[in-house]
Amino acid sequence: MSDATAESAPSYRYTAELAGQIEQRWQEHWDSTGTYHAPNPVGPLAGAVPEDKLFVQDMFPYPSGAGLHVGHPLGFIGTDVFARYHRMNGRNVLHTMGFDAFGLPAEQYAVQTGQHPRKTTEDNIQTYLRQIRRLGLGHDERRRIATMDPDYYRWTQWIFLRIFHSWYDEKAGKARPITELEAEFAQGKRATPDGRGWCELTHAEQQAVLNDYRLVYLSDAPVNWVPGLGTVVSNEEVTADGRSERGNFPVFRRNLRQWMMRITAYADRLIDDLDRLEWPDKVKAMQRNWIGRSHGARVSFPVADSAIEVFTTRPDTLFGATYMVLAPEHPLVDTIAAAEWPDDVDPRWTTGAETPGTAIAAYRRAASMKSDLDRQENKEKTGVFTGAYATNPVNGASIPVFVADYVLMGYGTGAIMAVPGQDQRDWDFATAFGLPIIRTVAPPEGFDGEAFTGDGAAVNSGFLDGLGVDEAKKTMIAWLEENGHGNGTIQYKLRDWLFSRQRYWGEPFPIVYDEDGTPVALPESMLPVELPDVDDYSPKTYDPEAADTEPSPPLSRATDWVEVELDLGQGRKTYRRDTNTMPNWAGSCWYQMRYVDPTDDQRFCEPENERYWLGPQSPGDTGGVDLYIGGVEHAVLHLLYARFWQKVLFDLGDVTAEEPYRRLYNQGMIQAYAYTDERGVYVEASEVVERDGKYFHGDRRVRQEYGKMGKSLRNVVTPDEMCAAYGADTFRMYEMSMGPMDVSRPWATKDVVGAQRFLQRLWRNLVDEETGETRVTDTDPDETTLRALHKAIAGVHEDYANLRYNTAGAKLIELNNHVTKNFPGGAPRVVAEAMVQMLAPLCPHIAEELWSKLGGPKSLAHGPFPKADERYLVEDSVEYPIQVNGKVRGRITVPAAASQDEVKAAALAEEKVAALVGDSTPKKVIVVPGRLVNIVL
RNA sequence: GCCCCCGUAGCCCAACAGGCAGAGGCAGCCCCCUUAAAAGGGGUCGAGUGCCGGUUCGAAUCCGGUCGGGGGCACCA
């Protein structure tokens with residue numbers, strides 16, 4: 001048998017080939033028997049549902065052309081193990097995966113090749129499906145969805161209309177149907193903006209009023225226009241240096257008529273409800289930071305006939321406001337600017353210009369030409385005096401008003417009161433311009449910094465003197481409100497969500513415009529509004545720097561589609577369709593609900609099914625997906641938008657869950673080494689060898705880098721290669737044992753063999769490699785083995801439940817090593833069965849195969865899973881290490897039931913310890929039950 | 001600049017809630033099987049927890065400082 005070639009491994013050794021056969025066979029079996037179908041309470045997928053359910057979800061992938069590398073499935077396998085563990089323990093588990101199918105790459109490919117994005121995307125989806133099927137993921141494939149399917153985006157459009165037909169009632173603190181607002185106007189319960197009666201307004205005027213309340217509304221406010229992409233993008237899609245996240249093009253602020261989602265109405269709830277979620281602190285912090293709630297006051301500073309409104313978080317420092325600053329774009333700049341400089345003007349304030357007017361114009365021009373990057377990198381304070389003076393309301397002081405670009409139009413009121421004593425930016429400006437600095441909070445003794453931002457007693461502040469910062473703020477706000485100079489207020493960084501894109505490959509808006517240009521919502525019966533075919537998929541793109549260009553979306557050129565004749569209740573009329581598409585985030589804002597009811601054509605999700613899978617599980621619970629795994633890169637965008645939609649639908653009574661994702665878990669990134677040669681060109685990482693700590697590609701010395709896996713770095717390893725070389729179970733086992741799920745770590749192909757060897761050993765303990773027959777025995781395992789077994793069972797339960805797959809795997813290896821060592825003739829049946837059951841969540845195929853070899857009745861997918869017997873978890877006797885002054889000096893073994901005094905006596909009697917203690921009396925003897933004894937001399 | 005996370009054998013990682021630093025894997029070393037080979041079998045070696053200080057009978061674990069790595073935000077008033 002052993003004298004032939006390399007093929008001469010025993011016929012039933014668990015090799016990659018055998019693993020592959022087993023895996024394919026079981027995948028087909030699962031498929032054909034619908035093993036992972038999870039029944040719904042009602043509807044097409046209805047079945048008998050256990051009360052105990054679990055909804056596990058992966059952040060669904062955008063199917064890119066490159067397919068998956070080994071980093072992608074980490075989370076997919078993680079959710080699968082979790083799902084399998086709970087399914088085996090009797091829960092009704094919903095786990096599936098769909099595709100975030102709209103997106104720019106397919107559209108760009110279409111622009112280049114003319115291939116319809118749908119075709120590209122469908123092909124890519126097939127690749128993804130092939131790859132994930134090979135991994136043996138237990139998905140309910142009946143629930144697969146793709147956001148580009150009209151059956152799916154019909155409901156995305158439907159939800160858009162629900163939001164469109166709603167407004168936020170601040171008093172009630174929730175969204176309500178817009179018809180109720182309209183009724184309030186019509187009944188005169190609510191005044192129109194200009195005081196006319198509702199009936200006196202034209203239809204278009206009425207609609208314009210309602211537009212200002214709708215949760216999704218048309219706005220002419222400044223948006224981020226990216227000529228290089230030919231589209232606008234949201235604030236969240238603009239990087240810190242003012243460029244587009246996609247394509248890295250310059251972004252320009254332009255006033256364009258666009259759809260906005262009134263996410264700001266939910267700012268408080270989006271922040272406050274974070275406390276109710278089981279999410280990583282890091283993600284919560286990022287969301288809080290993004291929403292940026294700050295408490296403070298609005299204060300009005302009179303200047304000539306008008307007044308400058310400022311927002312400040314430090315009203316307690318008002319007495320130290322020695323000047324004011326307006327953003328260059330602030331509308332009041334022109335109003336208040338003086339015609340001439342005052343006689344004694346500081347030359348630093350004028351930039352040498354003849355008049356304030358010319359100085360301001362020059363400064364504005366210079367500011368507008370500075371890119372955001374320049375403004376950021378160059379923090380030198382610049383500015384120019386307006387020639388005007390404002391009055392500080394607390395003390396009547398006359399303070400100069402400047403224009404400076406360190407104040408941003410986009411935050412607060414675009415104007416500030418400057419308190420150099422308590423704000424470093426103001427300090428810097430004041431120093432550069434020779435402005436007075438008044439401290440209003442006493443810094444601690446020995447403070448040698450500039451602006452002091454800490455807590456302390458108020459000074460130079462009239463009626464605030466002596467108060468701490470918090471108390472002083474309250475007192476000042478009360479004073480401002482009493483005297484009509486301002487009021488306490490809350491400011492947010494969060495802006496409304498720009499919701500239109502000038503692209504082809506996205507959801508069309510279910511909106512048409514009438515002859516007045518008033519938007520009209522299409523009735524539900526006309527959904528979906530399907531994407532028309534076009535000749536040219538590209539929006540008109542421009543020179544990236546051409547700020548003054550206009551968006552021209554591809555749909556606007558589908559003239560037959562744009563112009564429609566419809567009867568929308570006023571007889572047949574011609575309307576124009578909205579030619580924008582929704583942003584890529586729309587489809588992922590609600591997909592968990594469609595997973596629940598993927599084939600329902602009456603509702604986006606049947607209420608009973610929603611309540612069962614996503615509803616609150618206890619009073620105060622937010623509801624939502626039980627476990628949501630994905631990368632931390634979606635911390636703000638997707639997760640904030642999805643929470644917002646969820647809350648609107650909750651307010652409208654469409655869903656019972658207040659939050660989409662009750663528990664969130666971020667998987668770590670699998671990174672990899674990459675190598676560059678002397679020219680800096682990447683070489684194939686798999687061909688690099690290490691010699692004496694140096695790296696070589698052939699004979700050439702190469703340099704090692706560490707980072708993401710990517711085609712351009714030539715360091716991609718695919719799950720396909722790994723499955724071919726080792727089998728899917730080995731690959732799964734390896735990925736899960738590399739470390740905790742949330743830790744990023746380097747990929748190491750050479751380590752995969754460890755997982756392979758484990759499975760081979762386990763297989764060999766149960767199966768004769770020569771004959772394929774089982775070799776389990778019916779002998780009763782000894783006490784030690786039973787203890788090892790039940791300890792493993794208890795530990796593995798806990799590890800699986802807490803996503804600690806690396807330690808669960810280690811415990812299985814440990815147990816298997818015990819079997820190898822103690823049962824060379826084959827594993828005792830009870831141990832073998834439990835081991836296979838415990839292995840199943842991690843390595844489902846080999847577990848199924850072994851289970852059936854052991855005579856298990858059917859698939860292991862729904863259990864059983866072993867339970868630990870308490871009897872074997874408690875020890876009869878315990879070994880105590882004896883420390884003398886904290887160092888281990890000896891050991892004793894005593895019955896587990898021994899009292900502390902008995903343990904103490906035994907410890908002191910121990911030979912080596914007794915020698916050390918000698919005649920002296922120990923100061924203290926500490927007995928930690930079950931752990932150790934420490935004798936302090 | 002502000003905020004957050006992480007530093008344990010050559011490498012990836014364990015150590016429940018302060019209690020014997022090691023569960024597991026890779027690599028190394030030794031032995032076995034083999035004409036030979038290894039994705040074969042058995043065994044074995046290996047760090048005092050980045051550094052300094054504190055609390056404690058006892059610190060990888062808690063506290064303060066410091067160094068190194070990673071991430072987020074960034075003229076947000």
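Backbone N, Cα and C define each Cβ position, glycine as well.
Within the set A:88-92, A:173-177, A:708-712, A:773-777, the record from TrEMBL flags A:708-712 under the feature motif ''KMSKS' region'. Nonlocal intrachain contacts for the region 'Disordered' (A:533-556), taken as residues 6+ away from its ends with a CB within less than 8 angstroms of a stretch CB, comprise 107, 110-111, 116-117, 225-232, 249-250, 252, 254, 256, 501-505, 508, 562, 577, 579-581. Per-residue confidence over the domain 'Methionyl/Leucyl tRNA synthetase' (A:58-162) averages 94 (mean pLDDT, predicted model). When other Cβ atoms within 10 Å of the Cβ of A:Lys711 (ATP binding site) are tallied across all protein chains shown, the result is 10. Note: the domain 'Methionyl/Leucyl tRNA synthetase' (A:58-162) comprises 60 helix, 8 strand, 37 coil (DSSP; helix = H, G, I, strand = E, B). In the motif ''KMSKS' region' (A:708-712), helix, strand and coil residues by DSSP number 2 helix, 0 strand, 3 coil. Using a Cβ-Cβ cut-off under 8 Å and counting only residues 6 or more beyond its ends in the same chain, the motif ''KMSKS' region' (A:708-712) has close neighbours at 66, 69-71, 669-672, 682, 747.
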